[in-house]
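One structure is given below, encoded as structure tokens.
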Protein chains: 6
Amino acid sequence: MRFDEAYSGKVFIASQSDYKTADVVLYGMPMDWTVSFRPGSRFGPNRIREVSIGLEEYSPYLDRELTDIHVFDAGDIPLPFGNPEKSLQMIKDYIKTLLKDGKMPFGMGGEHLVTLPVVEAVYEALSDVTLIHIDAHTDLRDHYEGEVYSHSTPVKKICELIGPENVYSFGIRSGMKEEFDYAKKSGMHLFKYDVLAPLKTVLPDLSGKNVYVTIDIDVLDPASAPGTGTQEVGGITSKELLDAIHAISASDVNVVGCDLVEVAPPYDNSDQTAIAASKFIREMLLGFVK
Amino acid sequence: MRFDEAYSGKVFIASQSDYKTADVVLYGMPMDWTVSFRPGSRFGPNRIREVSIGLEEYSPYLDRELTDIHVFDAGDIPLPFGNPEKSLQMIKDYIKTLLKDGKMPFGMGGEHLVTLPVVEAVYEALSDVTLIHIDAHTDLRDHYEGEVYSHSTPVKKICELIGPENVYSFGIRSGMKEEFDYAKKSGMHLFKYDVLAPLKTVLPDLSGKNVYVTIDIDVLDPASAPGTGTQEVGGITSKELLDAIHAISASDVNVVGCDLVEVAPPYDNSDQTAIAASKFIREMLLGFVK
Amino acid sequence: MRFDEAYSGKVFIASQSDYKTADVVLYGMPMDWTVSFRPGSRFGPNRIREVSIGLEEYSPYLDRELTDIHVFDAGDIPLPFGNPEKSLQMIKDYIKTLLKDGKMPFGMGGEHLVTLPVVEAVYEALSDVTLIHIDAHTDLRDHYEGEVYSHSTPVKKICELIGPENVYSFGIRSGMKEEFDYAKKSGMHLFKYDVLAPLKTVLPDLSGKNVYVTIDIDVLDPASAPGTGTQEVGGITSKELLDAIHAISASDVNVVGCDLVEVAPPYDNSDQTAIAASKFIREMLLGFVK
Amino acid sequence: MRFDEAYSGKVFIASQSDYKTADVVLYGMPMDWTVSFRPGSRFGPNRIREVSIGLEEYSPYLDRELTDIHVFDAGDIPLPFGNPEKSLQMIKDYIKTLLKDGKMPFGMGGEHLVTLPVVEAVYEALSDVTLIHIDAHTDLRDHYEGEVYSHSTPVKKICELIGPENVYSFGIRSGMKEEFDYAKKSGMHLFKYDVLAPLKTVLPDLSGKNVYVTIDIDVLDPASAPGTGTQEVGGITSKELLDAIHAISASDVNVVGCDLVEVAPPYDNSDQTAIAASKFIREMLLGFVK
Amino acid sequence: MRFDEAYSGKVFIASQSDYKTADVVLYGMPMDWTVSFRPGSRFGPNRIREVSIGLEEYSPYLDRELTDIHVFDAGDIPLPFGNPEKSLQMIKDYIKTLLKDGKMPFGMGGEHLVTLPVVEAVYEALSDVTLIHIDAHTDLRDHYEGEVYSHSTPVKKICELIGPENVYSFGIRSGMKEEFDYAKKSGMHLFKYDVLAPLKTVLPDLSGKNVYVTIDIDVLDPASAPGTGTQEVGGITSKELLDAIHAISASDVNVVGCDLVEVAPPYDNSDQTAIAASKFIREMLLGFVK
Amino acid sequence: MRFDEAYSGKVFIASQSDYKTADVVLYGMPMDWTVSFRPGSRFGPNRIREVSIGLEEYSPYLDRELTDIHVFDAGDIPLPFGNPEKSLQMIKDYIKTLLKDGKMPFGMGGEHLVTLPVVEAVYEALSDVTLIHIDAHTDLRDHYEGEVYSHSTPVKKICELIGPENVYSFGIRSGMKEEFDYAKKSGMHLFKYDVLAPLKTVLPDLSGKNVYVTIDIDVLDPASAPGTGTQEVGGITSKELLDAIHAISASDVNVVGCDLVEVAPPYDNSDQTAIAASKFIREMLLGFVK
């Protein structure tokens, strides 16, 4: 007696109702409590689902349909307001279960800090993982006004976990001097302003590797993604981000998990950013899930 | 592995997952194709669900909690775009099933025309029903520029079905001269501008009767409900509408079904109308479901 | 070959194409250059016309239809940007022509200063006129930072022209101490906060008099009229303003002209204020034009 | 006594009042009843006219002024709400009259289905016409959930009418697999993602031909056109669309009619899309009307 | 060389530059990290200052001008993101300094939790204080999902501090059953729905007492205050809140401090709520500072 | 006792409190009274300051921090509403003082007319200055409907002052035929559509010269700057404007003053344009102040 959720905006379009047969599990991480400027990304995952009903299931870029893969949309992890540490623990525990069940994790943020526990869980399971990080911001702070768990620190923490030489950042155009200095000295790979060109040079080196892909929607120019906490002009176009996703899809890396974060509906005029995110997610699903 | 929908905005807050034990079934009728001015109410039901997570489950007005009753949220009926006749048939068929299963129907619109097939199904099942119609508009046209199935005609069609003497309209402040003339001549009961005062005089007469309650959100002043297709200044406050709902709850009428219609998110600044609607629905659930 | 403008939003709904047979002429005064806080009312008249297509032509309050009277919508007077003096002269010249042709002038603002030249022209023609001024603001300054032609001065100038004893202000809740002092000393009639109650006591005294009615939309509480330059909380409801218009209609005063000003679309969410204004204008037309 | 409409936003800027001497007739087709996702384009034509007052009449791209040509703005065709078939018939009848009178038709939508009856009328008159279709979507469905007259089907219907080999689609980035398969098999010319480059290769082949140009505003990236029903990221810039219009202008094709559709004001923040559309229309007028 | 901040929106209008001679100190508490539904009130204080330039300095209600008193606007306390405990400590420390210097504290929120440390500091200084709490919500939880420092708990904590018999809540219309039960049993004074009437009965009993007044802007109906995190329909009008402030002003209570909280600009269309708040603050300053 | 304004949005981020030691003085010119289309830029400077708190102080483009230079934010010049002549005089007088004190002037508009008095003061002081003008509009009118002081005339007036051969305009894509004709005949340098490429060819010729740089935010495509009075599609990206600023920084010209104008918050969804402007200002400060 319940009408089909897969075409109602209550789950991501064309997702299926059976967890067991799923290849990939989509889940929301509705957390924005450590954000310094404009909060609101806690509402991102649900809005992305809601507007996904406007999508075609077929990608002319990849010549593939969503029904060709098995996606299960698990809903949002019920994270406790204002408690970053407990939130991160809940995310990590959930991802461990997914990995144990052989599912590829696909997260929707929420602030960027949510990527940290996912990568921790993936690293614990695989003991070898490379990060492709597409973002306007370095996210390389040690702490933000004393808080180590902050939306400004996750990439730094991941560098410490998996080794800076295994971290590749693209599109970066904002950060503190200290963060750029760390990037230079530590051996991590930070590419400023552009995404597609440096990605194409890097991908052959990552051939066969386990890769986790994290995309902060603010890598886009605010023209394409006004609905985010910290807009940074001088960003890439939505065409370039599509091309970047397709470049990863066409490469020989082994995508073991991914996320798209920082869609903030309170600042998102006519749902422009959420609609964009829904299409990037379709392409990531069709391109990353083999 | 799916997180609880009852607290995620994917179903109405505190609704339960078991259809069988439900007393009342909540469903969306996402249709706005016959609207003459500003369309968009097709997105109403989902937005109401989404913002319902901001509600308390307890009503201090009625001293009752949503968990005291059994609500099943069935999602939106998948109505065919631009085809009013087929849409009305689908709604009617669905309501027949609900009534056969002993469930009280609770609809969310969508345009006001959706009330017609529900009342038809209820009337066929019970052969005796009285309409309480709370609205800014008469909705008493015979046709709208030739179309008999229009958002301007449902109350006229219901008058013809159940007898004008069984139709009570409250809060009316807009319509054609012909519609007001019909109201006078036909024997139906039309109360202009106010809702609470005339309702209180009428309710004792309806004692013990089967009553269907339909509320068009535009009965509210646009100050309280900007997010609707056809705003009409001079409306009632949200306090008066709450009082009206509580007056029906406290009376001896037998509510056999109800709906709340015409919430149009594209015109709804900061979700004011959807949030208001979610609270009216909570009060209707707690007040009408015994 | 041109489609009917009267139902297209290009002229006010149901207005007629023949100037000669018109009883009343509707015109816009798209001027906001002396506004101190938030400009934008220059766009008010056109937006009011555009949303007027959502109106019924029939008023259930007055039991009369727009087609019962003859309204000609002349469009907007092409006022020169940033030049208040020349703008006022153009308005005055235009009103003189209307009066000579025996038409009742009905203006849409624009900032409140536009009322001044209209009253000047009416006073010159009739040499006897009383002002009913419904507004949140006194508008009684001598000058605003040195400028005598300002949105803060028109009522003062009108007091000097027609005599303060012939000026009645209602709903006033904002102004400088000096303005309230002037109101007390000068003999004009200033009623604070309320409109309907004092209006009802005053109207019998004005029986048979030539009255010009000017309504500043900001007399409404911002809940009912967010789209205006200077919102003032503590205002009246749209119901009270409708009642006030109907009280004037039902009285024995002789309305010789009127206007509704200060609708500012850039701040008007979902056209709430413009839609409200269009309905007030319908009621003013049906109530004031005998 | 009526102020000049050509500079008031009531007709398109600089349009002239005499139908007889007009070279080109501008008309609105305010229809959005078959739209599957977000309705609202019925308000597009009037909003485009309103904001056209912000335009210069001179194009530095084409070194030509609007007053160099004769444009008559006929207003909106009064289409019946919710009745696609009757609407299409009214449009077709109107275009026939225009063509009989020797006027070039220039339409403003409304949903894309409105292009079908215009092309039908043009084809009946000329018996030879080629379609240049600039859009994000294929619009090649046979039907949409059973409805043959849908915003998803017009290009398919036109293929069947004028022959798929005479249909050229540019900028396409969304559709069903079946639609792309049809494009391949049928012999029509479908160019994905880009507009300018493939257009430049095609235009020489169309030299001397009768061409109808239809532009769906959603071919633009949502960054440039948020105010449309179905945004698709990965679109072209407004510069590229200007260049495409100018390429057609500079070619030897014979433009026999054109339209620009799918501007939807309810989703159009600060009128960005309507303002853009008004400028594209100026360039199309100056470039296509010889 | 710095232009006057008092008329530029950088400090509250008419505030003075000398801390020493100030009677009352205005400060922002830009914190929203424990909010469960819609965050954003961190931007409230600055937006209120910005729009205060639209205010008259004179109150016709109180016949007093802002320049009659000495207000110093200290700016926002630089609270650490996402750390409630440290934030509360910083607020408390700051208020202690103010009280030691003999200044009346006047706070602008931020979420309602900020009231707790202010009342703690006031209580420590005076050892006797009564709370007047005007709000839609009880704020009487013990904890929110385990967190004791939450926007849902401050009134409970204050009850425990100053004794529930010294706490008077007005306008309450939302909360958990447990909270209303506590209110009944504990001996605190909770008045549902209305503010002015119960306040008038209570004020004589508080004659001569030290009173701290806290106003949550959501006590207003969402029609008057859409820009807040958790809207609750059925609220009071802005007129009633003005009357309530004036009733306190006219009484014999000794106001020792006050605040106005929960203005959330991201949801505040056309600054309606911030403008309203700026006027309430003017009236509170003119009425509470003797 | 006042909290640090530099991190509270009341002054531009990282600006310092001492005028004497400042290298550069930032000031607002909140004037929009001669604007023909959409007013509102009077609120630009304050909104830019407010959102500047979201900026990093470090520029990865220039490898320099705001604390490396000495910026004093003087607030807004208190210009008289609706009086262009007096406003221009006040600006000029202020700039003379700044120049006498050896400060580099950095203005924030307001409408573009504000540039005229600044250049006048600079020219009087240095008797030799070249203008780099980056804008969508020619601004070369002699008068606008008779008014010589208009937002459409400043560049013409500057041509007459400093000689057209010393004026370089970039990115121009809108104006009257007469303006483009003047540009051709007068000997000034006008580059259409593009900014970066022609700038790079011109900069070597300006080596060692005193240059005043004025940027109208509407040179950007409306996708990047919706919040401005007169949007013009076909504009440059924010990347190109950043590159242009950096090209000037890297050249050997001597920047003696600059401004950024026409940010209009009433049309600026989610502060996109103000946030962009704040970053351009950071880059201009770091690049132009040696």
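Note: Cβ is positioned from N, Cα and C throughout, glycine not excepted.
Whatever TrEMBL says is automated annotation, not expert-curated.
According to TrEMBL, the protein carries these features:
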BINDING   C:H112, C:D135, C:H137, C:D139, C:D216, C:D218  Mn(2+) binding site
Near-site residues: Mn(2+), ref C:H112, C:D135, C:H137, C:D139, C:D216, C:D218, CB cutoff 8 A to centroid: C:H133, C:A136, C:H151, C:V219, C:V261, C:E262
Secondary structure at C:H137 (Mn(2+) binding site), reduced by DSSP to three states: strand
Cβ neighbours within the same chain of C:H112 (Mn(2+) binding site) - under 8 Å, at least six residues apart: C:D135, C:H137, C:D139, C:H151, C:P154, C:T214, C:D216, C:V261, C:E262
Under 8 Å by Cβ from C:D218 (Mn(2+) binding site), counting only residues of that chain that are 6 or more apart: C:D135, C:A136, C:H137, C:A225, C:T228, C:G229, C:T230, C:Q231, C:E232, C:G235, C:E262
Cβ-Cβ neighbours of C:D139 (Mn(2+) binding site) (radius 10 Å): 28
Local Cβ density at C:D135 (Mn(2+) binding site) - other Cβ atoms counted within 10 Å: 27
Sparsest-packed of the listed binding-site residues (C:H137, C:D216) - C-beta count within 10 angstroms: C:H137
C:D216 (Mn(2+) binding site): secondary structure state under DSSP, collapsed to three categories: strand
